[in-house]
Every structure is written in C-alpha cells, then in structure tokens.
Amino acid sequence: MDFISSLIVGCAQVLCESMNMAERRGHKTDLRQAITDLETAIGDLKAIRDDLTLRIQQDGLEGRSCSNRAREWLSAVQVTETKTALLLVRFRRREQRTRMRRRYLSCFGCADYKLCKKVSAILKSIGELRERSEAIKTDGGSIQVTCREIPIKSVVGNTTMMEQVLEFLSEEEERGIIGVYGPGGVGKTTLMQSINNELITKGHQYDVLIWVQMSREFGECTIQQAVGARLGLSWDEKETGENRALKIYRALRQKRFLLLLDDVWEEIDLEKTGVPRPDRENKCKVMFTTRSIALCNNMGAEYKLRVEFLEKKHAWELFCSKVWRKDLLESSSIRRLAEIIVSKCGGLPLALITLGGAMAHRETEEEWIHASEVLTRFPAEMKGMNYVFALLKFSYDNLESDLLRSCFLYCALFPEEHSIEIEQLVEYWVGEGFLTSSHGVNTIYKGYFLIGDLKAACLLETGDEKTQVKMHNVVRSFALWMASEQGTYKELILVEPSMGHTEAPKAENWRQALVISLLDNRIQTLPEKLICPKLTTLMLQQNSSLKKIPTGFFMHMPVLRVLDLSFTSITEIPLSIKYLVELYHLSMSGTKISVLPQELGNLRKLKHLDLQRTQFLQTIPRDAICWLSKLEVLNLYYSYAGWELQSFGEDEAEELGFADLEYLENLTTLGITVLSLETLKTLFEFGALHKHIQHLHVEECNELLYFNLPSLTNHGRNLRRLSIKSCHDLEYLVTPADFENDWLPSLEVLTLHSLHNLTRVWGNSVSQDCLRNIRCINISHCNKLKNVSWVQKLPKLEVIELFDCREIEELISEHESPSVEDPTLFPSLKTLRTRDLPELNSILPSRFSFQKVETLVITNCPRVKKLPFQERRTQMNLPTVYCEEKWWKALEKDQPNEELCYLPRFVPN
C-alpha cells in the first residue's frame, strides 16, 4: 500500500509539473508579444511627442508658448518613456538567462507573469496618452496662444498703476473687464505693454494670453481676424462673421484667457466676435485702453483706471533720460530753461520724450532760450511736436460734432493751467452762438452736457473746483494750432493771456484776427485806431492797469459778438460802443464805471449783460436797457441800486426801475441789489420778476426783523446766490411752512454779514432735502449767533467761512448733534475757515471728526484745544491746518503715543 501511495503521489507531481511547464511556456509567449507591442506603441508615442515639440519650437518663434495642458502631457510622456525603458532593460536581462538551469524555471515563470502585468499597465497608459494627444491637437491648436514679449522704452512713474492693474488681474479679483483711459500720449499703451511683459516673464495663471493692437478703423470682423490668428484658427475669406465667432467661442470657452485690446475707439460687442464674456465662473479677463471714459462705460468696464499725467519729479526724470547729456543739464542756466520746457509739457510723457530727444544735441544756452520761446508762442514749430499734435488730432476728429469741436477750441483762449468756471464758459458759448435756446432746452444744462463729453474724451480736465474745468498745456497748444488752420493762418487768432504784457499788440496785428484774448495782463493802453472787420471775440478782462478805452475803439468791429471788459479799472464806456450792433455778450463786472451810456440801447441783439460787482454804478438810463428786447441775462448783483430814484428833469434821462424790467420779455436771469427797506417793499410788488431772480444782494434794510424770502423769490426755487449785509435788526429768515422739505433747492452761495441781531439763520429746522445744492456759506460779524448746527448734513456743502462772530461757541450744538458718529455728517465739506471767534470752544463734539476736509484755517480762536480729525496711521490724504505756531503746539493730545500717528500738515499763518 505504501508503494502504491508513493507511486500515485509521484505520478501526480509529474503530471502537475507538466501542467505548470505548459502554463509557464504560455506566459513566456504572451510576454514576448507584449514586449513587441510595447516597443511599437512607445515608438508611435515618441513620434507624436516629436511632432508636438517641433510645432512648439516653431510657434515659439512667433511669440507663442506651450499650453499648460500640452506641458502636462509632455511631462507624462517622459515619465512613461522612462518606465518603458526600465522595463525593456529588465526583459532583455531575463532573456540572457533563459539558458540557466531548469530549477530556476519556476522562479522565472512567476517573474514573467508579474512583468507581463506591468507591460499591460504601461500599454494602457500609452493608449490614454494617445487619446489625450488628439484633444490637444484640436484644442485651439496644439499649443496655446500667448503674447510675445514686446520691446518697450523705459517706463517712468507708473509703478502704482502697474500694481493696481496686476492686482485686478489676480485670481482673487472677481471683476472681469478693466478699462484703462486717458488722453493721447499719456502712456496707456506703455502701461499695457509693461503688463504684458510682466505676465510673460514672471508667469501667470491664464491658458491663453492674447494681445490685439487696435486702430480707429478696426471693426468687429478685423478683431475676429486678429484673435483668430493668435489662436491659430483659419477660415475662408468668404466665411460669415457668425461662423468665425462660433470657431473663436469653441476655442476659448474651456480656457481661462486674458484679452488685451490696445487703443480701442469704438464699442466692441465681445459676444458678437465670439469672445466669451468674462465672469466669476470662467475667471477670464478683458483689459483695454481708450481715450474715452464713456467708451469704458459702454464696454461694461467693471473697473476703470485713468492714466494720470506724470508728477514733476517723474516728468523731469523722463525728460533727462531722453536728453542723455547729464553734464549739459548741470549748467544752471540751461537747467532753468530745461525746467521751463518740462513744465510746458505738463507731465505728458509723449511730449517729454519728443522734446527731450529734440534737445539732446543742443549745447548752447541760446538754443535752449530759442526752444523755450518757440514752445511758448508757436509750439507746433518745435521739432517732433507735429507728431504729438497728430496723435491728439485723432481725439479731436473723433468728437461727435462740429459743435463739440468749436466748444473745445474755445477753451484755449484762457491761460495755461487756468481753471475756468463752467457756467462762465457756457455763457461765452451762448454768446458765440454755439448754443441756442430751443424747445425749452436749458442752454446752461446743455453746456454742462457738452463739457461732460469733452471730459469723457480726456480733452478737458476737472479744474481746481468741481465747478471748473481746465485744459492741459499740450492740449491747449494743439487747440490753438487747430484754430489757426493747423498753423497755416496764425493771424486768425491773437491769443496771449497771462503773458505779462504792459502794452497791447500793435494795431496791424488786430486787423485779420477772428479772436483776440489778452486777458490777465498788465496792459495800460489800447490802440487808438483799429479796423477789425472779422473780429468776433475780444477778451480784455483782468487787466487791472487798464483805466481808459479810446473814444473810437469800437467803431470798426462790425461783427463782434463777445466782449469782456470785466475787472479792468475803466471808469467809463466810450460812446463808440453803439456800433457793436452784433454784440450778444457784454461783461463789465468788477469795473469802476459810474454811468451806463444811453447808447447801449442800440445793441438790439444783446442777450447777456453782466454788471455784477460794479459798486460805483449809480446811473442807468431807461433807454440803455429798455430797448434790449432780446436780453436774457441782466446781472446787477452788488451793483446799481437806484430803482426808486427816477429823475424826470429836462436834461436828465429817466433812470431804470423795476417796472422797466417787466417789459424784457426774454429775461430769464436777474441779479438785483437792494439798499433800503422801501426798495425791498417795492420789489415785493413786482411778482413777475420774482421767478427770474437768481442773485440777490440786500443791504442796509434797517427795521427789517424777519425776511420773508420765499414770497420774494418764487419760494426760492431759482435763487442761487443770496447776500444779506448790514440789516442790523434782522433776527432770522422766514422759510415756507408749505415747502418743508423743498425750499431754496437752487441756492449755492449764502453770505451773511454784519447782522448784529441775528440769533438764528432760519425760522424753522433744516432737513437734508432743503438747501440741497448749497456749496459755500460765509458768515461774518453776526455777534448773537451761537452756532450753525443746521449746516451739518447739507449734501453738497464744500466751504464754510466763519469770521468775527463774537458769541459763536460751537460749530454744531451738542444737543442738536447725533448721539453717535454719523457718516452723513458734512459729507462733502473740504474747507473750513474760522477767524476771530473768541468764544469758540470746539469745532465738533469730541465723538465726531471730519472725514473729507482738506483745509482747515484757524486764526485767533484761543479756546479751541483739539483738532476735529482722527489721527491717521498713513500719510495718505492728510488735511492741512493753517494756524499760529503757538496755538499748534498747545493742542491737547488724548493718547501718550500720539506722536506715532500722522497729524495733519501744519502751515503757519
């Protein structure tokens, strides 16, 4: 039995071994086939890799680079290739050992089985990589488009803007569209190029980075071509825009892209071009530059950044970098002239670069003197300035109408860096005939609208105040160049304001001129005989040394429309003014005239007569005004007050009265001065005039206890400026009971002077809806007034002046102020001036502080011990305090570490 059992076991072992040998031989056969398949597959994968690498290298020459997806695929191929190479080495080593002894076969069989499984895994990976390669080939091209690095000139002074833009382009920022705007030549393209290069050199999170250089002629079809070319797309020239848009959309929809559009002139419908609109889900961005903030709005820019002019320091650095010759600028005389040239550029980079290059080889002081003189008088003649002007002309030509272009050119009549009152500017435009009343449209509002267009086009800037505008130096030079037919007819304009002239230009220089502006000089005399057949505009205002106008001065100015003699020292008007039969606008405000000549009535087309602040004006004959049937504006604020002094003598003309004004059918704006209570009572009787009163000065109305302002001024709806002086019995102003929340809605300036019995300003409380347009309040010599708490929530109040009010104890009464800090307190206040307020204890209750005040002037207010500002940890937007040094040093400090905080800037006065 043992023998049989042993035999059975032995047979079973032999049979089992035979079966294992057969299985091992099968594995060996499968492994060899798998190795062959692996070698073929890896070879094919290498070929695909080599083709892709070649394409990347070729596209790299065009400024393109490998996409993140392609880069990951190439990395995976390299890993797979390494694994394959190692496995093939192991297989070949095993093949060399196949002749070894039989006892190793079982071991080899096990190892071959494991090796076969690894081969299968690698083959599977290779298959997946091949599938991914197909997706990469059709995914907007095998490589993704990027901007190539753009060579740019040195960048000066835009570091802060760079940081702002890069922050916007960061992953955390959800807003998708940024509009960068500013005037031509200010550096928008340079900023965009710097951003482009920064992203390329330091890396970014976008799959696709596309730069498109726009122009005025670019349409949506052209944008499609530019974007399509950058994406590597191709299409037939006859293919429709819709099909092209679809291709672009398919190429971009799964990508995170950044589209950079430089110099956009017209609104672009991104979706119509096929570019997906950026949103917080796709995290894409579109950034564009333009010269118009209006276009930023039309394009849906969620973030708008204005590229500002360079500060003086950076402007000097840029200019010097173009001159190159440091030794040249070390000469004090040449440096002084260079600084004049730089100042004329007004921080405009293009002008600085152009003029710096033009002066680089000028070594003598005489050359620099000549350059500064030419730049002052005829800047277009400076080398390179024609290029600067050509760039600005694009913006000029792009204005929507000839009306806008005329209004723009008119702004050049004022001095460099001069802030122009918007309302005054619009009044000139009306006088010139640019604006006319039609269909009930208010011409002043229309003028504001046009100024908004010019500001949006970056051709005008906001002035020193919100109510003002100004024109950049270089833009002004360009405007004068355009006004003279691009320098061809210089004799058409004689514009020399603020030049320091003591003599007027010679008579022959006036003959061909259409426009003459000699304002703000020191001219003492004018030519005796002038023939100006084409002259339409003459500005002589602010020549304080001018005391007389020659008798026949106006005889030969037959088409003159605008004449401004304001703030000269003239004492009389020559009778030759009667020849100005085309005159529309006449300003003699601030002059020393005492009589209006009767001949003024001959100016039948006159619409605007400004005589405000002519305090010496005593006589206005009826015939000087009554014949002016087209008169719309008559301003006698702080002026003539002889309303009830009509004379009927044989040798004396009857004087102007209130009744005469009612016959001026076109009158819309009236400025009135009243110097007696009787006159004030008389004015109350002429109800038809009340709606026209916009400027009112009341003085010396003694026995007037309460001033019923609403009854006099049509509930105050149109009153814009109110001045009350030396009405010693006045206690307060009466406000309408039936207009609790809507009285004096147009009032902008309030002046109260020498009202010794005034205990409060208004008869009832002031809500936020009242006085909603008041900008400036001046109160002086009102010795019974305790506070001005009513001013605290006026939404547009910018300036408060309190002078010599002996009993004022606080600006805001403690019991009339909110119990906690209120952000609506003084929401717009910028300037506070106080002087000679001996009882003033505090400017604000201790729990409050000014948030937006920029200037505080305190003189002789000894009881004030604390500034109404919070200490700040940064120097940004610190207010300036003008005060006595002794008072400044005595200020109370609440915290022992206050010296670590930034206090307001101190300026001794």
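Glycine is no exception: its Cβ is also placed from the backbone N, Cα and C atoms.
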Would you please say which range out of 29-58, 89-118, 599-628, 749-778 has the annotation coiled coil in Swiss-Prot? 29-58
Under 8 Å Cβ-Cβ from GLY182 (ATP binding site), six or more apart in the same chain: what's there? LYS188, ARG291, ARG306, VAL307, GLU308, CYS458
In the chain carrying GLY185 (ATP binding site), residues 6 or more apart in sequence that have Cβ under 8 angstroms from it: LEU348, PRO349, LEU350, ALA351, VAL388, LEU391, LEU392, VAL474
Other than its own, how many Cβ atoms are within 10 Å of the Cβ belonging to VAL186 (ATP binding site)? 25
Determine, for the ATP site, the additional residues of the same chain whose CB lies within 8 Å of the mean position of the CB atoms of GLY182, PRO183, GLY184, GLY185, VAL186, GLY187, LYS188, THR189; present them in sequence order. THR289, ARG291, VAL307, LEU348, PRO349, LEU350
Restricting to the same chain and to residues at least six past its boundaries, which positions have a Cβ under 8 Å from a Cβ of the repeat 'LRR 1' (512-533)? 413-415, 483, 491-506, 539-550, 552-553, 556-560, 564
Taking 10 A as the limit, how many CB atoms besides its own sit near the CB of LYS188 (ATP binding site)? 26
From the DSSP assignment alone, can you count helix, strand and coil residues within the repeat 'LRR 3' (559-580)? 5 helix, 3 strand, 14 coil
If you tally other C-beta atoms within 10 angstroms for each of the binding-site residues PRO183, GLY184, GLY187, the top scorer is GLY187
At a 10 Å cut-off from the C-beta of THR189 (ATP binding site), count the other C-beta atoms across all protein chains. 18
Taking DSSP helix as H, G and I and strand as E and B, the repeat 'LRR 5' (605-627) has 4 helix, 5 strand, 14 coil
